[in-house]
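Features reported for this protein in Swiss-Prot:
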type	residues	note
REPEAT	47-81	repeat 'PPR 1'
REPEAT	82-116	repeat 'PPR 2'
REPEAT	117-151	repeat 'PPR 3'
REPEAT	152-186	repeat 'PPR 4'
REPEAT	187-221	repeat 'PPR 5'
REPEAT	222-256	repeat 'PPR 6'
REPEAT	257-291	repeat 'PPR 7'
REPEAT	292-326	repeat 'PPR 8'
REPEAT	327-361	repeat 'PPR 9'
REPEAT	362-396	repeat 'PPR 10'
REPEAT	397-431	repeat 'PPR 11'
REPEAT	467-501	repeat 'PPR 13'
TRANSIT	1-48	transit peptide
Amino acid sequence: MRRSIATGFASIVKGFHLHSHRHRLQISNPRTAASLSLCGFCFWIRAFSSYRKILRNGLHNLQFNDALDLFTRMVHSRPLPSIIDFTRLLSVIAKMNRYDVVISLFEQMQILGIPPLLCTCNIVMHCVCLSSQPCRASCFLGKMMKLGFEPDLVTFTSLLNGYCHWNRIEDAIALFDQILGMGFKPNVVTYTTLIRCLCKNRHLNHAVELFNQMGTNGSRPNVVTYNALVTGLCEIGRWGDAAWLLRDMMKRRIEPNVITFTALIDAFVKVGKLMEAKELYNVMIQMSVYPDVFTYGSLINGLCMYGLLDEARQMFYLMERNGCYPNEVIYTTLIHGFCKSKRVEDGMKIFYEMSQKGVVANTITYTVLIQGYCLVGRPDVAQEVFNQMSSRRAPPDIRTYNVLLDGLCCNGKVEKALMIFEYMRKREMDINIVTYTIIIQGMCKLGKVEDAFDLFCSLFSKGMKPNVITYTTMISGFCRRGLIHEADSLFKKMKEDGFLPNESVYK
């Protein structure tokens with residue numbers, strides 16, 4: 001086995017490119033530990049008893065600074081603590097995601113001549129893979145071999161996770177094959193690591209294949225494995241396969257969690273299967289799986305999409321009663337639902353509640369309100385909301401301007417829209433084709449067809465291409481003025497530019 005591992009390791013190292021000197025972990029001569037200045041025998045005794053007391057009490061609730069302080073006490077203790085104690089501490093710091101710190105502390109241990117265990121090296125390998133470049137992981141793998149350690153499945157799974165972290169999918173797949181070739185039996189962590197990576201990068205067929213292999217290789221998937229697949233399938237619209245997986249995991253007595261249910265609920269909402277989403281929510285509650293902010297957000301969004309606004313509001317308040325507090329996205333979703341249904345005052349009530357609860361409205365929230373007021377024929381109030389934005393740390397973006405301009409034009413306030421458009425041009429704002437199309441339409445409504453066509457022609461010099469809506473708007477403007485020849489010429493140019501006319505061109 002050792003020989004096959006060594007051969008496999010050699011081929012893995014060959015796959016790395018950038019072996020630079022600065023990336024290598026230096027393992028110094030243990031004798032240099034003698035040069036470290038210590039503070040005397042009494043200090044050693046105090047430090048020794050102090051760190052032992054902390055270790056006895058457990059490291060679960062240890063804060064980062066306390067962990068560093070504990071390491072300092074441990075290295076100043078005499079005799080030095082066992083490598084098991086050091087390994088436990090490194091593991092705790094690694095769980096805090098302070099990977100560079102773990103690597104640095106390990107280097108200090110090497111200087112002090114504290115010989116590591118294989119599990120110590122595996123913790124460091126995990127940290128190297130999540131904080132550094134591939135070449136450093138290769139270097140550390142070589143150091144492990146020099147120290148006499150034969151990398152095990154945990155080592156290679158960490159390296160596999162590193163490849164996934166660096167988005168090197170082909171290398172991850174190749175390493176997985178090498179792991180099999182070296183005689184290792186991948187466990188659920190190894191499989192799940194690669195499956196999650198494949199799903200994230202939309203290689204779903206390969207991920208499903210790998211999932212099916214697990215049973216034949218004697219590795220049982222867990223809820224994390226299922227969640228990776230369910231989420232990946234839902235993201236590409238394969239909700240039927242995802243629902244089958246949910247049934248499969250329940251048959252195997254693997255309990256789905258909030259991530260499993262939320263992925264499917266969100267997928268059902270997106271494909272218009274609101275009833276199925278609500279049924280799944282009820283199953284979730286019956287199984288005592290508590291919804292989170294994402295679950296509630298998906299359901300509220302679905303209810304708003306179907307105009308079930310009072311039910312959406314009930315779900316919103318139920319969420320609060322259950323101790324799950326809405327964020328600005330959920331507030332905005334509900335406000336948008338009310339505004340879209342012309343219930344702007346109800347939307348404003350939610351907006352005021354949002355402010356009272358200390359949730360800060362963002363640019364999208366204000367844009368939704370502006371659109372709502374324009375929709376109910378109150379463009380002046382919409383402009384008041386617009387004017388408040390900058391002072392409330394939610395500066396308007398191009399979409400906000402477009403919504404306001406469109407609302408003003410649709411409500412007969414074209415001159416005001418033109419003034420705002422002129423202001424945007426003077427400020428050299430990043431005006432897009434939607435903005436120009438709105439203004440061209442507004443000009444045509446005012447009878448300023450020549451000005452509209454001048455603006456239309458200027459688009460090409462600005463490096464901006466009209467879309468089918470821009471063409472249709474301009475053609476309609478010509479037709480309303482009886483300029484049939486000009487409309488026909490523009491219609492031909494539209495087809496030359498590769499745009500297929502829509503039904504509004506023929507009206």
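Cβ coordinates come from backbone N, Cα and C, glycine included.
Using a Cβ-Cβ cut-off under 8 Å and counting only residues 6 or more beyond its ends in the same chain, the repeat 'PPR 13' (467-501) has close neighbours at 433, 436-437, 440-441, 443-444, 447, 449, 452-453, 456, 459, 507. Same-chain residues lying 6 or more positions outside the repeat 'PPR 5' (187-221) and placing a CB less than 8 Å from one of its CB atoms are 153, 156-157, 160-161, 163-164, 167, 169, 172-173, 176, 179, 228-229, 231-233, 235-236, 238, 241, 249, 252, 254. Residue counts for the repeat 'PPR 8' (292-326) under DSSP (helix as H, G, I; strand as E, B; rest coil) come to 26 helix, 0 strand, 9 coil.
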